[in-house]
């Protein structure tokens, strides 16, 4: 059963709102802009949908609950990795290895 693989779509579209907001938004202001807040909202919706899809598939018995648990664990690992990437490398061009 390959239904849980549809979660891969959410992995690919998760960073897109952030990239669009970074291009469109004005980075000169340190405060959070409306464009950035909208990107956070869309990203949150994508992440919640990625966690909801396997649960819905398990409820309609398209997949088993064990597969649902494995997909949810994989979601946690992937989305924490994406978050870590943006926290470490998303701050700008002033990144230096001396921070480690």
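Backbone N, Cα and C define each Cβ position, glycine as well.
For the transmembrane segment (6-25), the residues of the chain that approach it from at least six positions outside its boundaries are 33, 35-36, 38-40, 42-43, 46-47, 49-50, 53-54, 71, 74-75, 78-79, 82, 86, 90, judged by C-beta separation under 8 angstroms. Per TrEMBL, the feature transmembrane segment maps to 6-25 (among others).
If you look up TrEMBL, you'll see 37-57 (among others) marked as transmembrane segment. Only residues 6 or more beyond the boundaries of the transmembrane segment (37-57), in the same chain, are considered here, and those with a CB under 8 A from a CB of the stretch are 3-4, 6-7, 10-11, 13-15, 17-18, 20-21, 63, 67-68, 71-72, 75, 79.
The transmembrane segment annotation in TrEMBL covers 63-89 (among others). Sequence-distant contacts of the transmembrane segment (63-89), counting only residues of its own chain at least 6 positions beyond either end whose CB sits under 8 Å from a CB of the stretch, comprise 1, 3-4, 7, 11, 14-15, 18, 47, 50-51, 54-55, 57, 95.
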